[in-house]
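Student: This is the structure, below, for whatever I ask next.
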């Protein structure tokens, strides 16, 4: 187990259960081994009386590291961030009070298509059906409230209160989460984890998930129809979306781009999934707030292939995209739809992209058009002496920090727009939560992603309003000896909401953020903080964070004017506001 985890090491010496000596494993031991087998090395948890015995068994697994979080919401966000790097994450909470607290994070993971195994320590198996009232419930003898809440935000649910079917329930839940790339809910009776059962082999047979194979006739028909559609177009483009991750189709997407020569853009929620160092890459397609010259090329195309898109009110800038359905090919993880015409089911994205790459004629017309009209971004205006740091200057310096050994986490807010403009070097990670957009997500996600991607230094851009929601787990980052760099952007409120609809509720109480982090640090572990008000302060802080304190968690509080926002947020906010304020349709 990782020595960074103080909670785990204390419990290890006090109450770790012995392995069964009768040739079979316990329920808790089986679950722990299963998590290790699917790639989970770290489990994010909050202890509660219903899950304590289960936590003992997870700690007893030498390849599993138990990380105690400050609250269940952050444990769920951490499992979300971990899954973005590792492909799967896990968290463990207690019954109802813990389950309903983590629910928001699990809903976010569901919206982002992340397989997070949410494990809950449930009531004693003898209490089911007894009409007893338990603590941690709403005072009714019905234990199903938590389960019913999770049914809408997980792809499968397993309530384990009988050892005879526990093996089947656990394995089915985990495999379903992996196959569907959605969270799973598993409730384990609090009296069951330490009991051996013949169905639990000491070393469980490894999972084998049968590969999904396209309907061959459907695949051939889809490729034929798409190739005919695209080969007769004059200036086609391809655009990558967030579901490229679900389909594990990054390589197939690049294979298609290499073969066809079309310009390649990315939807905002797909940033990080498409290689920005590729010669055909032209930027982020986000309607009216696209990268310069990218939106014009995409919307003027006579054919566009959107691979794994999600068209919602945010990604469509208040439903204002100038995309025509008759020119559109949509490639979903398991379906292809061509214009107003045919749709082909059970055709998987990787199979389709690879096969289509072999059928397309090379056509670089739109890419050449982009090269002709493109003008490089301008240089920020010279600042006045002692002028408060401007946001565009901040992100100019963040751009210079990026490399293949970094990853960017962008919090909901203006960081969405500023981080979209960062050009990602090869192998530089990028994550944000666009579909669900839960403020505060990035603190837990930074914790989880950094724990999973130990070969990268995380650069997190977090607004002050979002940070106030989930600040506590800076503590867990320090305990885990993480070395992320957090830029806390202090502009005094919920800036993204100001640009949608302003009001006094968007102004927050200012904190001494570095003082708070110093108090959390409390002299234990490696943590360094700095306050930044000018560009000179910023360059000095970045130099210190990347040299003297390169092995520390670095927290840099950046003071900016409350109205200093990206131009993209101003445009986006007005369009989303218009979409939100549409009057009711006539009855």
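Placement of Cβ uses the backbone N, Cα and C atoms for every residue, glycine included.
Not my notes, these are from TrEMBL:
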- 464, 491, 493: Mg(2+) binding site (BINDING)
- 26-131: domain 'Thiamine pyrophosphate enzyme N-terminal TPP-binding' (DOMAIN)
- 223-340: domain 'Thiamine pyrophosphate enzyme central' (DOMAIN)
- 433-558: domain 'Thiamine pyrophosphate enzyme TPP-binding' (DOMAIN)
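Burial and contacts for the listed features, if you can.
Tutor: Sequence-distant neighbours of residue 464 (Mg(2+) binding site): residues of the same chain at least 6 apart with a C-beta under 8 Å from its C-beta are 488, 489, 490, 491, 492, 493, 508, 510, 511, 513.
Here the domain 'Thiamine pyrophosphate enzyme central' (223-340) has, by DSSP, the following mix of helix, strand and coil residues: 39 helix, 24 strand, 55 coil.
Summarising model confidence by region, the domain 'Thiamine pyrophosphate enzyme TPP-binding' (433-558) averages a pLDDT of 94.
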Student: With the Mg(2+) site defined by 464, 491, 493, which remaining residues of that chain have Cβ atoms positioned within 8 Å of the Cβ centroid?
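Tutor: The surrounding set, listed in chain order, is 463, 465, 489, 490, 492, 494, 495, 508, 562.
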Student: How many neighbouring Cβ atoms, not counting its own, are there within 10 Å of the Cβ of residue 491 (Mg(2+) binding site)?
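Tutor: Result for residue 491 (Mg(2+) binding site): 22 other Cβ atoms within 10 Å.
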Student: Count the other Cβ atoms sitting within 10 Å of the Cβ of residue 493 (Mg(2+) binding site), across every protein chain shown.
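Tutor: Its Cβ shell of radius 10 Å holds 20 other Cβ atoms.
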